[in-house]
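According to TrEMBL, the protein carries these features:
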type	residues	note
BINDING	109, 114, 119	oxalate binding site
BINDING	112, 114, 119, 160	Mn(2+) binding site
DISULFID	32-49	disulfide bond
DOMAIN	63-214	domain 'Cupin type-1'
SIGNAL	1-22	signal peptide
């Protein structure tokens with residue numbers, strides 16, 4: 001009888017422990033709307049999984065990060081991502097990679113956030129001025145000038161940027177703690193949303209003349225669409 005009581009107590013503690021450690025899974029996309037009708041269920045949190053017996057080397061392989069990205073654009077930068085969209089084998093592994101190329105002085109990876117990932121950046125070539133802004137109410141700017149071999153971390157969800165202040169091309173590689181980190185470029189999201197945000201909202205939020213807001217919206221909306 002003692003053994004039965006011990007077994008019941010052990011099972012109860014194990015169950016309680018599992019509840020104490022349980023939590024919702026981290027989202028792997030912007031949202032995942034629940035459906036009661038499974039016939040219309042198309043998405044999962046992440047990607048559907050291939051039968052492991054059918055996996056092949058190509059599922060875990062990407063080639064081309066040795067090639068420089070084209071920085072002939074308004075920002076003077078190019079991000080080459082390697083996430084689950086490029087390497088299917090990253091599904092469920094919680095990691096991805098990106099190469100970032102910067103044109104000489106002025107190449108910019110503009111202020112943006114990764115809603116699902118912390119980023120760790122290492123500079124291979126060039127000189128980068130990087131930084132991030134802490135959350136409200138402090139909104140503290142934390143910056144550093146990075147040289148080849150230097151590493152910098154951008155905490156998950158915080159607005160951050162990288163800017164080439166050197167006279168030569170710059171190259172950096174970033175590791176991200178999600179198979180699908182997501183990117184929200186602040187200017188594009190605020191002024192280039194589709195449909196546009198009501199100009200009255202932005203004029204008040206940014207303390208700008210409404211005509212200035214409309215100009216910015218027309219510029220960014222055109223760029224995004």
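Counting begins at 1 with the first residue displayed.
Just so you know, glycine gets a Cβ as well, placed from its N, Cα and C.
In TrEMBL, annotation is done automatically, which means it is predicted and not curated.
A distance of 9 Å separates the Cα atom of residue 109 (oxalate binding site) from that of residue 160 (Mn(2+) binding site). Note on the domain 'Cupin type-1' (63-214): mean pLDDT across this stretch is 96. In sequence order, 154, 156, 157, 176, 178, 181, 182, 183, 184 are the residues of the chain that are 6 or more apart from residue 114 (oxalate binding site) and have a CB within less than 8 Å of its CB. Taking the C-alpha positions, the distance from residue 119 (oxalate binding site) to residue 112 (Mn(2+) binding site) comes to 12 Å. Its Cβ taken as reference, residue 112 (Mn(2+) binding site) is surrounded by 19 other Cβ atoms within 10 Å in the chains shown. Within 8 A of the CB centroid of the oxalate site residues 109, 114, 119, the other residues of that chain are 98, 112, 113, 117, 121, 154, 160, 162, 174, 176, 181, 183.
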